[in-house]
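Novice: This structure is in structure tokens; I'll ask about it shortly.
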Amino acid sequence: MSTAEFAQLLENSILSPDQNIRLTSETQLKKLSNDNFLQFAGLSSQVLIDENTKLEGRILAALTLKNELVSKDSVKTQQFAQRWITQVSPEAKNQIKTNALTALVSIEPRIANAAAQLIAAIADIELPHGAWPELMKIMVDNTGAEQPENVKRASLLALGYMCESADPQSQALVSSSNNILIAIVQGAQSTETSKAVRLAALNALADSLIFIKNNMEREGERNYLMQVVCEATQAEDIEVQAAAFGCLCKIMSLYYTFMKPYMEQALYALTIATMKSPNDKVASMTVEFWSTICEEEIDIAYELAQFPQSPLQSYNFALSSIKDVVPNLLNLLTRQNEDPEDDDWNVSMSAGACLQLFAQNCGNHILEPVLEFVEQNITADNWRNREAAVMAFGSIMDGPDKVQRTYYVHQALPSILNLMNDQSLQVKETTAWCIGRIADSVAESIDPQQHLPGVVQACLIGLQDHPKVATNCSWTIINLVEQLAEATPSPIYNFYPALVDGLIGAANRIDNEFNARASAFSALTTMVEYATDTVAETSASISTFVMDKLGQTMSVDENQLTLEDAQSLQELQSNILTVLAAVIRKSPSSVEPVADMLMGLFFRLLEKKDSAFIEDDVFYAISALAASLGKGFEKYLETFSPYLLKALNQVDSPVSITAVGFIADISNSLEEDFRRYSDAMMNVLAQMISNPNARRELKPAVLSVFGDIASNIGADFIPYLNDIMALCVAAQNTKPENGTLEALDYQIKVLEAVLDAYVGIVAGLHDKPEALFPYVGTIFQFIAQVAEDPQLYSEDATSRAAVGLIGDIAAMFPDGSIKQFYGQDWVIDYIKRTRSGQLFSQATKDTARWAREQQKRQLSL
């Protein structure tokens, strides 16, 4: 294929008025990428610099190639990187990179922008492998003072993209930090006359800060960088100012420990003054700066509470700033959007979020200035002041001690409830939110006789109001039920009939504007989950409502619906199924007579041509039915199996994870009878976990379900044991793919799933110790890993399972054959820590005591 032909394909795929031509062109491009990536990549880079090709085609060439190098899916990104490394020759790589760098300095900004993204994608693959070593020098040279504006801007943009997409622990970028910093500072300093260059430099700085730790640790370099950023906050251009404050937020987040002198010398006064800026964007960024300070100090306080020996130190910036910052925040609360239906983030919302963080950080110290503001404004003539007062009160419901909050809620609640009848929609919406905050954070302050009837009445009125008010009222009801249901006796059940009637009315809305209908269904789900026998009749009315509602949706002729109406119907069915699943789980004994009818409805829903949207919810409801019926569900398995296998095979879809969870539910329902299906299910699960295209969330889901199956089929799991243990060992030994929080969290999920698997395997083989014996050492190695990782051992459920495993294994081997494992220092220490840990539940401490007894028996053998 020639460059001209390839360019024509690109142009057709985006510019052709004929949809068939567009689709055909896209298909041909994808086919070429799959069949001959070397040619595809080369042609893309040639079109990018071909000035005879239309602008849109050139831009698309860069972006299409970029999208074949990186993906939001980490598995695909690894596959793309391997393809680039193995299928593209060194000569071709050099030519593609040369073409990308040529396009980067184009005077057409859209070409340069696309090239910057392409360069970052290539760098993301090459730099970690030590390739393209000259790139950083090129970037520095491109940002020199003598370079044209367009070259500097585009090169800084590329640097920002590189840093944004890279692994935070990338040694390639850390080792290039000097060059990165030189390039950025050249563009960010006040001597740079171009706004576009300065803005690009500041944005790149925000993305690069994590890689310049070594530079920030050197006082001279840190001082100079802080000077450049502080000067930028005083620029005449609003965008540059806002970007500079964005950098200060990131600097405070990453380098809090160095910030004391800068706060004292400049940042404190600078940010206080700038909070009064008439420009909302700049004021918002300044508020964000103080939010960042609060977040850091909250984290430090938590760290010091958990680990008193930690070297971290809090400078209490927020606490010492209350008298200056909080009054400004309170004033900013009155700068709301004029349009009550405008939900765009604004400076008022930023101030409210910041006030919440100040309350969490400073506790009772926040009360005086806020309550004074509330008292002065809650009955003001201007709706902005009334709304701000209610927002301020709701924002301090988490932080000060409960005695103080309870006292002030008693005083303020009558006035707040009155505002549910306000003429201003904004005031009513925020009032409903404020009541929800009270119910969530300090529900015990709502006196059952004095306040609760008024709160419930306010919610019932709000459910019939504007959708935004109704949504907040549903949330308030959820909080009331969750927080008050545990009381003995609970006052909330007296109001169940009225609340359910109100929610059913809201759930019958014809639309879901501002999520009002869905919120009502969520509240109904909560009502079901917390219902007791005293409100059985009311619970039955929810069951009747959702069954009738589901029947109504099933009778709709979907062929006559517009796309928007069809989506609304699917959304409604999803909401109904969520409540129905809760009803089924809550009343398992009443399910059997209607099980055939329910399964018939579920099969009809799965048969719909566009069932993908609700498939997950249908599976969740069927799981609830399986759990309720127990072994009685087996009669549906033959009919249901094709749907289950279809879902399991959709390894790139969330429904596959739900389907895996369904297997766990089925194995728990059928117990030992699940052995009849274990061969087929284990085969499918093994294929899923080894599929390179599978969603990565599948791995922990599948590992965990192995434990469910093992615990239920017992000795019949032995034929799979060797293969499953190999998978578990591989999983427990894998390292995070990078240093991002997402990657670290995923690794924790995988390790927790391995623990689930081991717990199930040990439980299932309790009568077959000889089968487990070869793997005891492996399991103990894993428990040691848990005992050493604070992210694992600090979790109550995780430590309970791990020490329980130590005890369970000991009980299986009363002959002393595994005695050597129980004398290890870490075993003694871990059991002791778990038994005496203040943060652990009594159940976990009891499990640790039992494990200690089992350990002592082992050592006495």
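Cβ coordinates are placed from backbone N, Cα and C, and glycine is handled just like the others.
Worth saying up front: this structure is predicted, and the values here are computed from it rather than measured.
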Novice: In Swiss-Prot, which of these is labelled phosphoserine: Ser71, Ser589, Ser836?
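Specialist: Record lookup, Swiss-Prot, feature phosphoserine, residue Ser836.
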Novice: Rounded to the nearest angstrom, how far is the Cα of Ser836 (phosphoserine) from the Cα of Ser2 (N-acetylserine)?
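Specialist: It is 73 Å, counting Cα to Cα.
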Novice: Taking a Cβ cut-off under 8 Å, which residues six or more beyond the ends of the repeat 'HEAT 16' (675-713) line up next to it in the same chain?
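Specialist: Apart from its flanks, the repeat 'HEAT 16' (675-713) reaches 73-76, 79, 637, 645, 648-649, 651-654, 656-657, 660-661, 663-664, 666-668, 720, 723-724, 727-728, 731, 746, 749-750, 752-754, 756-761, 763-765.
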Novice: Please list residues from the chain of Ser836 (phosphoserine) whose Cβ is under 8 angstroms from its Cβ, counting only those at least six apart in sequence.
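Specialist: When sequence neighbours closer than 6 are ignored, Ser836 (phosphoserine) has Lys845 within Cβ distance under 8 Å.
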Novice: Tally every other Cβ atom lying within 10 Å of the Cβ atom of Ser2 (N-acetylserine).
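Specialist: There are 9 such Cβ atoms around Ser2 (N-acetylserine).
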Novice: Let me know the model's mean pLDDT on the repeat 'HEAT 5' (177-208).
Specialist: 94
Novice: Six or more residues out from either end of the repeat 'HEAT 11' (452-484), which same-chain residues have a Cβ under 8 Å from its Cβ atoms?
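Specialist: For the repeat 'HEAT 11' (452-484), the far contacts come to 340-341, 413-414, 417, 420-421, 425, 428-429, 431-433, 435-436, 439-440, 443-444, 446, 490-492, 495, 498-499, 502-503, 505-506, 509, 513-516, 519-520, 522-523, 526-527, 530.
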Novice: Provide the three-state secondary structure of Ser2 (N-acetylserine) computed with DSSP.
Specialist: coil
